[in-house]
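The block underneath contains the structure these notes are about, expressed in structure tokens.
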Amino acid sequence: MEQILNYISIGGSFALAISGSLKAMGKKFDPFGILIIAFVTPVGGGTLRDILLTEKSVFWLKETPYIYFIIAGTIMALIFRKRLTYFHNTLMFFDAVGLALYTITGVQIGIDNDLSFINCIILGTLTGAFGGVVRDILVNEVPVIFHKEIYATVSIVGGIFYWALARFNVSNPFLQIAPILFIIAARILITYYKLAFPSIYGKK
Amino acid sequence: MEQILNYISIGGSFALAISGSLKAMGKKFDPFGILIIAFVTPVGGGTLRDILLTEKSVFWLKETPYIYFIIAGTIMALIFRKRLTYFHNTLMFFDAVGLALYTITGVQIGIDNDLSFINCIILGTLTGAFGGVVRDILVNEVPVIFHKEIYATVSIVGGIFYWALARFNVSNPFLQIAPILFIIAARILITYYKLAFPSIYGKK
Amino acid sequence: MEQILNYISIGGSFALAISGSLKAMGKKFDPFGILIIAFVTPVGGGTLRDILLTEKSVFWLKETPYIYFIIAGTIMALIFRKRLTYFHNTLMFFDAVGLALYTITGVQIGIDNDLSFINCIILGTLTGAFGGVVRDILVNEVPVIFHKEIYATVSIVGGIFYWALARFNVSNPFLQIAPILFIIAARILITYYKLAFPSIYGKK
């Protein structure tokens, strides 16, 4: 089970690298800049998490496969850049998968470190959703998850769900599969129906 | 004494969370984005300090009260957002209190780690003044303390004052109270009289 | 040899602090803001490297000379700011020296930590080229090495060169001098002839 999720997680970095590459190409970055944005989109959140914990070196310094999949994703994006719109739905799906897997990984690491409930959720959301924040800072935009999309909220709710199951000793595979499916489904439905919170600022 | 300062410090995070929330609402962030900006404004500086030291995990992963006070401050700001201008002076006061307490905390941590004089002052200024830098990067603005306000300088001078007292074995409560009052007073006077350094760029 | 390189490296921070100061003055920063940009330009990359490794505290918390040379460079830049264009070539030369020395330092630290080939190159490029990225984020610009200059690529190629020599047990002084000279020469030629990669985006 762990093994399978690990493979999916590494595979997810491939899809997120493609989506990061597209963002960087939209900003007319050169190949090096594209590679950096492709890199931080999948692993930026987990990097922040590891830095805050200071338990050990950042994960991708030891788990090299992530890096190779990211480089492969970037090369794919560079080659097929004019035809990537055909894969829009596929990318959206993997983006949701990444959000789900990275969120529960982060919450589990919080549990492993005996952190309080709220800090477990924070680590989950950091891991799941803050790669995009690092990406947006590097391309000099206001991070999109702060003002536009219901993205982090899905990670928070899914993280609470996973934490509660773990707390009540629900065992695998249900422990992991239920919140993963919840996050994927919620994220896809929100994107598909273009759902948004009612604005707190009133109408323009 | 330590205990009292610790309570004030946690309480200060409540006020700084309100001031961060106001900034984020000015940028039309959604509630999640507001919460993040409310979070980094008080604890961003100490987070940078802990990351650079890599002695242990970032402080708020173990000291959860900060997080609850920040969430409370954010909720307050969301509810009373149209009436917060009435509390302008109160917020300004707590901002100065935060600058003072966080600065001497940072300098003391430098002393505890046997760092050189200049690195103690750097840690003090990071802790006291760089929450605002993290906040400004996240809202995609040039950090205000780099070009507009006499803010970091107060932290530097106050930090040197505290370091000198500690060096000459001045004991508590004078050791902590004198630099704290100095920083609070200096910061409030500078804000009140709108003092600024003479520009090094000449007149426009 | 180590000793000599260490002195050059500290000296290089002086020149990079001047170049950072010029950037900050172009943005009308106040003296504190100028000092911060002068600081992150030389040491920002190595700081990121040390944070990701979490082996020990960030290097400049223990190696204070860097800080004094940076402060000296900033004061120089403030005093001679109207005449610094005369030193344009000198600054460019030291920028290339910094890129070279910091790159091989980073690769060597990767080797010392038994990291994989690709992570050694990543640490080298981070150390050599990402001070400029931190600087650009703080002045709220898109990092220049992501879209304009052949800078990081020189660091990558030079880092691979050094890694290969180290791998085949080439000994000093050739081990260090060859890649250092390569990076300096490549960077200077690229700047002088204004070389650029062909754009992947076609003509405007």
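Backbone N, Cα and C define each Cβ position, glycine as well.
The domain 'Glycine transporter' feature in TrEMBL is assigned to C:8-81 (among others).
The domain 'Glycine transporter' annotation in TrEMBL covers C:93-166 (among others).
Residues or ranges marked as transmembrane segment by TrEMBL: C:6-25 (among others). Residues 33-34, 36-43, 65-66, 69-74, 76-78, 81, 84, 87, 90-91, 94-95, 97-98, 101-102, 105, 131, 135, 139 of the same chain, all 6+ positions outside the transmembrane segment (C:6-25), place their C-beta atoms under 8 angstroms from a C-beta of that stretch.
Residues annotated as transmembrane segment in TrEMBL: C:32-52 (among others). Here the transmembrane segment (C:32-52) has long-range neighbours at 12-13, 16-21, 23-25, 58-60, 66-67, 70-71, 73-74, 77-78, 98, 102, 105-106, 109, 123, 126-135, 138-139, meaning same-chain residues at least 6 beyond its ends whose C-beta is under 8 angstroms from one of its own.
Among the features that TrEMBL reports, transmembrane segment is placed at C:64-80 (among others).
Per TrEMBL, transmembrane segment is recorded for C:92-110 (among others).
Taken from TrEMBL, the feature transmembrane segment applies to C:116-138 (among others). Taking Cβ pairs closer than 8 Å, the transmembrane segment (C:116-138) reaches residues 16, 20, 23, 36-37, 40-49, 52-53, 98-100, 102-107, 109-110, 144-146, 151-152, 155-156, 158-160, 162-163, 183 in its own chain, all 6 or more past its ends.
Among the features that TrEMBL reports, transmembrane segment is placed at C:150-168 (among others).
For C:174-195 (among others), the entry in TrEMBL reads transmembrane segment.
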Inset, instruction - Could you tell me the mean pLDDT over the domain 'Glycine transporter' (C:8-81), as a whole number? - result: 90
Legend entry - Number of helical, extended and coil residues in the domain 'Glycine transporter' (C:93-166), per DSSP: 59 helix, 0 strand, 15 coil
Legend entry - Counts of helix, strand and coil residues, the domain 'Glycine transporter' (C:8-81), according to DSSP: 60 helix, 0 strand, 14 coil
